[in-house]
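**Student:** What TrEMBL lists as domain 'Cation-transporting P-type ATPase N-terminal' is 48-116. Among the features that TrEMBL reports, domain 'P-type ATPase A' is placed at 168-268. What TrEMBL lists as domain 'Cation-transporting P-type ATPase C-terminal' is 782-952. If you look up TrEMBL, you'll see 131-150, 289-310, 866-885, 897-917, 929-949 marked as transmembrane segment.
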Amino acid sequence: MSSKFQAIISSDSVVIDIVERHPNFPEIVQSVLTQIVKQKNLDQLREYGGVEGLASSLKTNLKHGINGDVEDISRRNEAFGSNTYPRPLGKKLFDFVLEALREPTSLIVLACAAVSLGLEIKQHGLKEGWYDGGSIFVTVFVVTAISAIVKFRQNRRFVKLSKVSNNIKVDVLRNGGEQKVSRSEIVVGDVVCLNNGDQVPTDGLFIGGHSLLVDESSMIAETNPVEVDLSHNHNNPFLFSDTKVTSGNGRMLVTSVGMNTTRGEIITISIDSNEHTPLKYKLNKLTSLIGKVVLSVAFLVQVILLIRYFTGNRKDMNGNGEYNGSKTIAYDILNSVFDIIAAPVTILVDAIQGGLPVAVTLSLAHSMKRMMSDHAMVGKLSACETMGFATTICTDKTGTLTLNQMKVTTFWLGQDCIEEKGISSVATSVVELLHHGIGLNTTGSVNMSASGFEFEFSGSPTEKAILSWAVSELNLDMEGLKQSGEILHVEVFNSTKKQSGVLMRNKEQNTINLHIKGGAEMVLAMCSNYYDVSGTIKVLDDDERKIFDGIIQGMAASSLRCIAFAHKQVPEEENEEGKNQIEGNFLTLLGLVGLMDACRPGVKEAVQEFQYEGVNVKMVTGDNIFTARAIATECGILKPNQDMESGAVVLGEQFRNYTPEERMEKVNNISVMARASPRDKLLMVQCLKQKDHVVAVIGDGTNDAPALKEADIGLSMGQGTEVAKECSDIVILDDSFGSVATVLRWGKCVCTNVQKFIQLQLTLTVATLAINFVVSVSTGEVPLSAVELVWVNLIINTSGALALATEKPTKELMGKPPVGRTKQLITNVMWRNLLSQALYQTAVLLTLQFKGEAIFKVSANVNDTLILNVLALCQVFNVIFLWKLENKNVFEGIHKNHLFLVIIGVTIAVQVVVVEFLKKVAGTERLNWWQWGVCVGFASVSWPIGWVVKWIPVPQKPFLLHPCHPPISHTSFAS
């Protein structure tokens, strides 16, 4: 390799770099390419001969691209690197453990466990005294470890998913043809084709194109799109990786890839685990409330026990009062006080709600895995749970409800439908104008296939459909057209104007013509004349305009997208410098085409399912109001008798011009918004959220990005633009609207499974808290030791969480209305069920505590074992009872969930081992068959009690009301 010295001079030093040059590219080095683009150095670019000079140094043909064979790609990778990034190491398992241990509740319980451990070791010695305090330590660490392991696995899964999502296909020119290659396969020297909605894959330089606007907000703070071109007015040919094309199209020369790009300097992998989702907010409120109640009870017990001691009501083993005023020595007082302080520590085990996050995490991980198998790639785990709360879905039309596979089915010229007369009846002059209006005013292209017998079309579905029709029906010759016409100025289609335009010079006639293409009613409003079939120009008066309006409405009512073509000849004097802009006035209408875009299979069924589940579906589209209404009716979003007067169908402009109060009043009633701009979509989402809806937005275009970002859940189609997918939480890989319904089902299933576990957890918490409080206050002793509570809380409830997390969506679940943002997580049905079970368990355990020895003629140790066994088995039977939250037949379908049955069986088996063989650790005594039968009998009574209780009606109004409005973390795009 040859080398060259480069001197970098600053005010106080001179740095000399030795730059190694690759033998295949001796005229340029990567550091120079990187510096030119990153620093937007126009002077240095000119030194190397501009874009053409750099392309020559990189051995790139700007019209045909690079050679692109294996050897060429290999040489470029060797010289300039590959377009890949070394991924930073994800969080280690230990990092997740530390995060969980920093929770306030865990820190409080650990501190109490440390106190208990010290006191017990002092009183009973190390051999016997470590059980209670040590078991609490074990509980906290095991719960922490379970949560950390699941989150660690999620982290690794996200890394894998990011690899899949980054496998984006990009259009490049190689060996004279357009190819799709993976983003990671792009090399320096490639010519990349950019279109509206694309993400710029690397750093590079603009070669050519039309009205290319790029959003550089991902790289700099500037939010306004930047115009990229080589003109004197905007000499800015620099393009940066990961910026987004918001308008126009163009081609770029790749100058840097991988770590040499601007993205390479700042690339990170971030996983947001601190989102304030509705479920997380409500769970945090619940666990915080439980913790406060448990701490208050523990403090109250401590106060009562201290009062009992110092008033002489606490007795020793001989029945004498432990405190006798001045007769009691200080050492005995200190020991007794320490015992009293240590006793409520056991109650604090109830504050360890470790099962709740474990249950949520298990349900989310399980549903996320199942969603992947159902063609939904989840980018954010929180989206699984939030989807279950969704009350409203706002969906785009094209590419979402429809296939986005356009085909021209109708052509009107003047007031004649050409299908009836044939294209041969159209005047040659009109056909020639249509050639220019279609072939030059387009972002698509026409190429001959490799076989040489058929044409290949590229571009948006609309562009491809029109070009295909023009080539087959109008005999459009793109190559000849480009030779006969010179493009002077282009204004590409944007979602605000709903039109595109081109100013061109006809070389043969030496005339300048303006061609406009766009939404039919908008283009028609700009026209003052029209062509008939014979080529005669006629005046477009009010009567004629009504006829054309009827034609457009007729096509729209047939679910056709109506596109109009118009033109006018521009005098030479108006084309002086500074006057060659696209101005649509006094145009002559060339013709109207109707494009059919069929609904996706299964859309109507999916919409019906959403409506059955209580979720409102709203269609927000840029199409005209008649097409939008026809498609919405076909999909079932609108009923046949709904019309504009009912307020179900509005225009974006209408909605935009409402006062804030009117928008809030009308937004719930709107089912279809037509001619909607990105701003209108965003405004609707914001209004719905202010009305306490949990909003999901489905879209696939760049214009959907603001609404996708603002929504509680953003969903995009796999064939959508990269901008839309980047702003989404979930990507529907199979582009099926039915898969959105699947996502909703799994989201609701997660919420229901969590509700089941909350009922299980609260039943145990209420029962153990009640018995510990009553017994400790009345006798001064805590009946359930820390080890016992640890066992029931950790093993029984964690296995219960695992069992309940595996439940699949059911028909009964689908008929339930969504929880939404304002409804209580704990419903009246749940309060009824859990209070009945908790009261029963409390009654049984208190009976055993005070009368068990006398009733069953057993020792105190055996009676304590009976209490533990009944408590544990009650939770197992309660898990089965919770299999169906509201159904009276709790066994329906249980035999089909083998994993659930296995978990229940293993839990019972482990309980037997604890009672029969772990006497030293758990402090249990072995039970005989009759005693086991008594325990199972007590536990099984929970089933008939639950069955009877389910017949008791409950009011709709929640028993307990508390604020449940979670903060919304999405950034607002509204100005």
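Each position is counted from 1, following the chain as shown.
Placed from the backbone N, Cα and C atoms, the Cβ positions cover glycine too.
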**Student:** Restricting to the same chain and to residues at least six past its boundaries, which positions have a Cβ under 8 Å from a Cβ of the transmembrane segment (866-885)?
**Tutor:** 752, 755-757, 759-760, 763-764, 767-768, 783-784, 788, 791-792, 796-797, 799-800, 803-804, 807, 812, 829-830, 833, 837, 841, 844-845, 848-849, 852, 856, 858, 891-892, 894, 900, 904, 907-908, 911, 915, 922, 924, 927, 931-932, 934-936, 938-940, 942-943, 946
**Student:** Taking every residue in the domain 'P-type ATPase A' (168-268), what is their average pLDDT?
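**Tutor:** Across the residues of the domain 'P-type ATPase A' (168-268) the model's pLDDT averages 81 on the 0 to 100 scale.
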**Student:** Which residue counts does DSSP give the domain 'P-type ATPase A' (168-268) for helix, strand and coil?
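**Tutor:** Helix/strand/coil tally for the domain 'P-type ATPase A' (168-268): 11 helix, 49 strand, 41 coil.
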**Student:** Same chain only, please: residues at least 6 beyond the ends of the transmembrane segment (897-917) with a C-beta under 8 Å from a C-beta of the stretch. Say none if there are none.
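**Tutor:** Answer is 791, 795-796, 799-800, 802-803, 806-808, 865, 868-869, 872-873, 876, 879-880, 883, 924, 926-927.
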